[in-house]
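Here is the structure we will look at, set down as C-alpha cells.
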C-alpha cells in the first residue's frame, strides 16, 4: 500500500482490481484522486450499516457501563487490526486485502479471505434488503403484521407491497449505484448516508431527553444481571454484534488505491472510527435510555408504536424512512467489495474487472438478482446469517490481520504486534465460539419450551 499504483502482486497471481487513482473507468475523463473527506465518508458508510440498530440491545445485555466500554474497546481493536493490515500491505506492495493474504498464505489464504467477504457481504446485503422491505412495506414474519411506512400512509396497495417496492428500489437505486466502477464515485451518497445516520441519532436523543425531562424514563441498568452461569454465557452474545459493527477492512484497500495522497489512509481510518464510534455510543446510550428493558434486538421495531410524546407518528416515520434510505446508500459500498472479491474467486487469472465491461455487467446483474430474490422469498434468514455473518466477519476483522502479522513473511512485525495478534485471535475465537453456542442454545431452548397461553 505504498504511494504508487504499480504495486507488486504475489507471484503467479492476477488481481482483478477496480480502477486506481490514475486510471479512468466509470467516470468522465482523468481521475485526479479521491479526497480526504470523500474517503472518510466512504469508509464510515462501510462501517455504519444495520449493526447500529442492534447496539441498544447490547446495552440491555451488558448494562450501560460495560456496554459503552465494549463499544470503545471494539473500535480500538479494529483500529489496531487495520493498522497491522495496512503495514503488512505496504511492506508487501499488496494492492488489496486478498493480495496481502496471498503474500502470507499463498492462494489458499487469498481464496479463504475472498470466500469470507462474499459470505459476509451477501448475507449483510440480503438482511439490508429485508429490513428495507419491512420498513416500507411491513412484515408478518413474526405472526403479527407490522405496518410499513407506505402502508401506514396510503393503506395496502399493489404498488406498496414488498415485492414491488424492493423491485423499484433495486432498479432505481441499487442498479445505478452498483454500476459505478470507482469507490470515490459513491462519496456523495456516502455523505448523505452518514448524515441520515446522524439524523436518526438526533431524533432518538431528542425523544429520550424530552421523556427524561418529563420523568417518563426509569433509571437504566448500569451493569448486567448475572444470577446464574447461563446469564454469564448470555453476555457473550453481544460480541458478534460489536465485531460486525466495525467491519470495514475489505474496503480499506479500494479506498486507499484511489486516494490523491495515499499517506492519508491512517488519519482517514482514525477519523472514520471516531465518527462511527460517536454515532454508536450516542445511539446505544439514548436508544437504551428510551426503551429500557423493552429494547428489541432491532431497535427500529420499537419505533412502530406510540412514543408518548407529541408528534409521535411523525417522528416514528422520520426515523424509519431515514434509516431505510441510509441502508439503500450503504448497499452499494458493500456491493462494491462483494463484486470485487467474487470476481477474484471466479476469474483470478482474467483481465482486471474494470477493463471487461461485459463481465462487470453480468456479475453486477446476477448478484443483484440473487440478493433481490433471496430478500423476497427467504425473509426469515436473519438467524442463519447471524451465525455465518458473525463467523466470516470476525475472520475478516481480527483473525486474518493477526494471522498475517504472526506469519510475518517479510519480518516486519515487532514483538508487541505479535502479542497483540495472539490476543486478538484468542479473544475472537473464544468469544465467538461461546456466543454461537449461547445463541444456538437459546434458539433450541425457545423451540423446545412449551408455549404459555
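All positions are counted from 1 along the displayed chain.
For all residues, glycine too, the Cβ spot is worked out from N, Cα and C.
Because TrEMBL annotations are produced automatically, they should be read as predictions rather than curated entries.
Looking at 31-55, 81-105, the range annotated in TrEMBL as transmembrane segment turns out to be 31-55.
Most Cβ pairs under 8 Å with the transmembrane segment (192-213) belong to 273-291, among the candidate stretches 233-252, 273-291, 321-340. Of the recorded ranges 31-55, 163-180, 233-252, 321-340, 419-438, the transmembrane segment (112-131) has the largest number of C-beta contacts under 8 angstroms with 321-340.
With a cut-off of 8 Å between Cβ atoms, the residues of this chain six or more beyond the transmembrane segment (163-180) that come close are 26, 129, 132-133, 136-137, 150, 186, 189, 328-329, 331-332, 335-336, 339, 361, 364, 368, 372, 375-376. By the Cβ criterion (under 8 Å, sequence separation of 6 or more), the transmembrane segment (321-340) is not in contact with the transmembrane segment (61-80), since fewer than 3 such pairs are found. Just going by CB pairs under 8 A, the stretch in 31-55, 61-80, 233-252 that sits most against the transmembrane segment (419-438) is 233-252.
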